[in-house]
Amino acid sequence: MVNHLLSRESKGPTGLILAVVALMVVFSFLNPRFASVENLQNVLFQSSVPLIIVVGATLVILMGSIDLSVQGVMGAAGMAWILITPNTRTGLDYGVWAWVIALGTGVALGLFAGLIYERLKVPSFVATLGTWYVGLGIGIMLYGNGLLPSLTNEALARWPTRLTLGIPNSFWLAGAVVVVGLVIMNYTRFGRGLLAIGNNEAIARSSGISVSRYKIMALAIAGGLSALAGILATMQLGSGSSDIGSTQLFTVIPAAVIGGTALSGGEGGVLRSSLGVFLLVILNNGLVLAGVDPDYQQGVFGLILILAIVTVAWPHRNRLKVAK
Amino acid sequence: MMNKIQTISSSQPSFGGVIPPGGLTRHRVVAAWHALAPVLVFVSMLLIVGILNPNYLKPLGISIVTASAAPILFVALGQAMVLNIGSIDLSNAAISMVGAILVALWLPGMGVMGIVAVLAVTVAIGILNGLLVAVTQVPSFALTLGTLGLLQTAALVTSDSQTIYISENRELIAALYSTSLLFAPLTFWIGVFVALVYWGLLSLTRLGLGMTAIGKNERAATLSAVPTLPIKVITYAISGLSGGLAGLAIVAQAGSASASGLGSNLLLPGIAAALVGGTSISGGQTNPINVVFGALTVAFVPIAIQAMGFGAEAQSLVYGLFIITVVALTTSRVRGAVIK
Amino acid sequence: MKTKSLLLAGIAASTLSGAALAAPVAKEDMVLVVSVINTTNPYMISNIEGGKALSEELGIPLEIVNSNGSSQTEIAGIMSILASGKTPIMFVNTVASSDAPTIVDAVKQAGGYVTIWWNKPADYKPQDVGDNFVAFQKIPGLSSGACGAKAIAESIGGKGNVVLLPGVPDSTTSKTRVAGFRAEIEANWPDIKILDERPSNWDPQLGARNAQDLIVKYGDQINGVWSADDGMQIGAMQSFENAGLLDKVKFASDGLYPKTLEDIQSGRGNNAIVGETFHRGYMASAVGLYTAYLAATGEIVPSELSDDKRESLFQLSCVTPGNYQQYLQYDEPGAPAAFVDRLVQNGPWATDPMPLVGGGRADASEW
Amino acid sequence: MTQTPPPVLRLINVSRSFGAVKALNNVSLEIRRGEVLGLVGENGAGKSTLLKILAGIEKPDTGKIEMNGVEVKFRGPNDARAAGVGVVHQEQSLFTNLTVAENIEQHAMTGSALSRLGLQDWGRLNREAQKVLDKIGAKLNPNTKVSDLSFIDRQMVEIARAVCIDPGRRSTPLVILDEPTAVLEQQETAVLEREIRKLREFASVIFVSHRLDEILRICDRVVVMRSGSLSSDRPTAGVSKADLFSAMVDGQAEPVIHARQRPAVASKPAVKVTRLSRQGEFHDISFEVHPGQILALVGASKSGRESLARTLFGAETHDGGSIEINGKPVSRWSIRKAVAAGLAFVPAERKVEGIVGGLSSTRNIALTNPGVGAVGPFLRPRTMARVAKDWFSRLDVRPGDVSLPLGQFSGGNQQKVVMAKWLNSDALKVLILDHPLRGLDVGASKTVNAQIRAACKAGVAVILIPDTIEEALEMADDIIVMRDGLRSARHDLHSNRNLAIQDIVADMV
């Protein structure tokens, strides 16, 4: 089964795994603490939020679209969740319904973007950019002028870091999302349909795949996952903030690209994008541990991104290749 | 790039193409709408706000809108040129940041030569972007995201994480902003002039024809002996130049520059202005003159939101809805085309 | 040649639209404007509160500009209010130092009066601009850093290792606070070692993430954590709590956010928070607005003021778990209104708990 | 006596208009079980509209469609597929990033997203696809990714997909093959013909082609369309190409094959290729082409001839041997150098490589050789338009609006503009044509061939990759036969006038 899962992703991700391993070796050399159990747990903890997002983002990118709305959806859902979970501000406790409502907010925002994209034929870039602001606006309005809401439920606030079998709960959640993402991608008609759309939308349409519904649904799932990430991030922080998702977009999209998921659609997969997330999180963590001047962090990040994509693309150069 | 309207595909199913009868008139109507929509959107927005508060139609209102449009306009023009060849330049706002910092650093010592030197540097950054994109053939979205990171570091390092305030020779550049012509600052008019030059470049030169051909069908352009590599490099150089000009406009306005100051948030407004100006994100379609109206519209949105009295908390929400609505009104829709 | 004539025409035009210095402005032509960086940070929300309280006190309408963290949005928002035709009385909490000249120029053109808070370029002075740039005001970051440094150093017995979480790297506010921290340590605490410094952009999440990485990097070597504001400290504390280290590490920061106050009161993490600073956003905005208001009504003429009233430093109070109770009164529901009352009575430079304590130096904004 | 079963498909008075134009005018048509029906007609005769209606892409304005005696209404391609209509499109329409099985069992992929979240059973999918592949006799692994398949194998997948209908239905499938041979080599066409005969055992077939002899060989019955109506409908037995041709073009006779004079061989060859090689494509190829001479490259798929042509034009690189243009050896060869040296290339994939569909004809023509349409770096829009109009009238391009996007023109007219783009240069010395007649109707083919000959007469050397051997025999002075990347034979048509197709085929396989 696992073998089957892996084989369906375009080409083996061996190169990527090697890159991750190489990076780990270099960083362990620079600071022996890098390879400590605590740090590996730390890396898993830090990758869990972007991992959840990257699954949704990959579904969307595989069909050739893009989802920029991550930050807004996370802000809206995170705020919605914390305000109806035991907190210092409202004192409301909706229990499970808090999750349902927050995830619902994310799915609704995803649907909103999807409908604008598919029904109004506004490019996904713009539809999701607009949704980013709309979500952020909802988060800001929920935040209002009141107190900073913090979780009062100790168990809930500790849950993300608590270890189960030596692995933080956050990562168990993210891992489950990745597995579900892999199953959707490889074992459902929906997932295969997204690949078909990414490969050639016109054919997908004419061969009767309900392209519109698939697209809207992919964006809705991405919205739901961003919402889940927003909840997890809020839980990790212990307090609500409408900016909870800031900078996530610029981790997740490069991660997908480094993983070899083509922005034009049809190529790549959840597993590869996840490896891309690991690569970037390890890079960030390693730079801190190695004591690189923070001013240079963005630059090193940019350089690695360029090197990674150029290395992948270099052998495929050809006089007539079109790369956009 | 993403968001591509895929009019060309090696394997689109069809039964042979014949012009759909009635397509001719439709083609003209669509073309006319494309030419006019950005102007109409801006004018109608101006009118609505003007009815609510006539002060916005007075000289001060005009000078405010045009002043805040100027930096967006330069970045948007550069972006539109890159979008036109079917690529994207996520680094061009960061180029303008670096440009602004360099202007602030060099102007006091070098005077006008400093400005020339800064533009040379931003063009060089653009050329480097173009070479990387064209030679390595990687998606420009990812590549320029990488150069964006490098430029952010460059901005922090060159400015030593300081706000650099120009004390000497400030008048050399401040005049660009403080001088106004028909109520708009000179920086805006320079932007309009640059738009006209870019328009001329696109519609009246072989270079421009090549750019548009690359944007619409790069393979066919290559096989038609269009020099794709130099054209891409030139296009990114233009984006770099536009970024540099935006940097000048920023410094002219602010008299100072810093890595996270004015201009650090120009990327998304720049893209939005290009799109609202009718530029297709899939390439092959832009009109720099309409991008002027795109920039005006995008600069006007926050002003309009404020003018219409939406609460501070609602601004993001309204801004998001507005961008979607405007692009929905101006976006090019080809029947049956794939929108990405 | 063509450019030259354009320039000439332009210069002619620009001289016409110079500063509109006129007779005192009537109240009904005024509008109070509070420009904040965002509307989610507790400090910014408090800024707005101050504007509201003063607006009620003076009976002048209030407009809020939400910059959403972007200089572009900030300037556009301010400009749109300038275009509305009324005389703006402004308090601007600038997104970046470099925004100040642009904003001031525009306000000057519109004949309004502005007080800039926190950030401006050092060489850009109200005295050089004229009466429309009424004042630049801030609470010295150096003192804030020193407060934190002292509190941490004392609590860990003058010996140990600390890590710093500054805000946005090129923000003056953050830089002055860091400088204050380092200066205090260097001067008085030879056995305290600063292990590392990770700018966290005022972002709680980034604060949490950087704290995590620092925990891994230095483990239990860390004895104290200083953050440039409470937002980042909230994130950092969560990380130390998750790592089970909260009981062993001392924290100090700036702003005394409600959440922080709560943690001090509850003694969270074995009284982890040892030092804070007290200043409230509503006080800053009320003082700033009121200064500008006085200039607009002609009650003060800025050009005749002493330098320390043009570039002013206001008092900052160091808060410790021992004395926090005396500041609770300022967070009571009616506190902003009460403060505004006293402000109108005592004037902008002598209202407790933040009287003018200095300024007017060449490098006032670097304090 | 048993009752004859109802026809698989029956169209009754079907009409479809676009604006003022009647694309289909009262068409009635029947296809019986196991029948192979040929459909011919010039571009614009209404074939496309008819096929779109059958595939559920367009809806008829009036008239009705019955399948197996029951009236059907297709709301979309899904309905048509569900009713058993399978289409092999002119251009391949496979998802190259999915497996063979997924492409074949596409009905397994359709349906609403919500109801299709059920898990895919790969084992069953592969088994079912294998059954279909076995039925048409294709030896392919259903679990292979399509991007790893050769062109003809992909065509097999297309056919497998067309005949694969929902196993729940027991009706006879109707398979529409829209010019399936247009992109196939002679060899592959023979394979395909065999396949079609096999299909007859369990399906009905509509076979569309521009190649009349193919139609006559394969089909039981042939229908000719002209201006939206059926102008002829009869069994193929006893029908000649000339009959069909006159039914298509309203009484005109088939064009006369030109008898050419051997051109005077100039002292210097325009193109001289010596031991040219490209890894994995072709090896050790040498030949010369002189001004005014037409050289045809003939070969089956994987013969390397397309790659050779592209290499000559600089679109691909060679790793051995040399190219001389007008006696001068070239180094670091590229498309731009090739064009500067007077080479021109008409690619086979017109939409993707030949035209910039979104640009006007005027600008397409000016793209490479603007001629008088530009002064230095500047374009002269009016002169450009005049040049384009000139070419339009010379090549009879319709509609005559040079400012329309070229992508909106029919294939034949697009190809004429591609020719104009290259012919608009005085410096043209070598014309390389990759399947120039692919997908063109008779009229357009004639114009294109006439232009090739005219260029030749003006001293241009031509290298032609023809669709068919007949085309090579008709056009060329010399033929080089390639097999597996090697030159297997060379024929001088002037000294060997009785060369037979069989002789050439023998060298191809």
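Cβ coordinates are placed from backbone N, Cα and C, and glycine is handled just like the others.
Worth saying up front: this structure is predicted, and the values here are computed from it rather than measured.
Feature annotation from TrEMBL assigns transmembrane segment to B:31-53 (among others). Within the chain, the transmembrane segment (B:31-53) has long-range Cβ neighbours (under 8 A, six or more residues past its boundaries) at 276-278, 285, 287, 290-291, 293-294, 296-297, 300-301, 303-304, 307-308, 326, 329-330, 332.
The transmembrane segment annotation in TrEMBL covers B:60-82 (among others).
For B:88-107 (among others), the entry in TrEMBL reads transmembrane segment. Listed by sequence, the residues of this chain that lie at least six past the ends of the transmembrane segment (B:88-107) yet keep a Cβ under 8 A from its Cβ atoms are 1, 71, 74-75, 78-79, 82, 114-115, 117-119, 121-122, 125-126, 129, 140-141, 144-145, 147-148, 151-152, 154-155, 158-159, 164-166, 168-170, 172-173, 236, 239-240, 242-244, 246-248, 250-251, 254, 256-259, 261-267, 270-271, 281.
Marked as transmembrane segment by TrEMBL: B:114-135 (among others).
The transmembrane segment annotation in TrEMBL covers B:180-201 (among others).
Per TrEMBL, transmembrane segment is recorded for B:233-254 (among others). Panel annotation: around the transmembrane segment (B:233-254), residues 67, 70-71, 74-75, 77-79, 81-82, 84-85, 87, 89, 92-104, 107, 115, 118-119, 121-127, 129-131, 133-134, 166, 173-177, 185, 187, 190-191, 194, 198, 207, 211, 261-263, 266 of the same chain, lying at least six beyond its termini, place a Cβ under 8 Å from a Cβ of the stretch.
Taken from TrEMBL, the feature transmembrane segment applies to B:266-283 (among others). Distant neighbours of the transmembrane segment (B:266-283): 1-6, 34-35, 37-38, 41, 71-73, 75-80, 83-88, 90, 92-94, 96, 148, 214-216, 246, 290-295, 297-299, 323, 326-327, 330-332, 340; these residues of the same chain sit at least 6 beyond its ends, with a Cβ under 8 Å from one of its Cβ atoms.
Sequence annotations record features per position, and here TrEMBL assigns transmembrane segment to B:289-310 (among others).
Sequence annotations record features per position, and here TrEMBL assigns transmembrane segment to B:317-334 (among others).
Taking Cβ pairs closer than 8 Å, the transmembrane segment (B:114-135) reaches residues 87, 89, 91-92, 95-96, 98-99, 102-103, 106-108, 143-144, 147, 151, 169, 172-173, 228-229, 232-241, 243-245, 247-248 in its own chain, all 6 or more past its ends.
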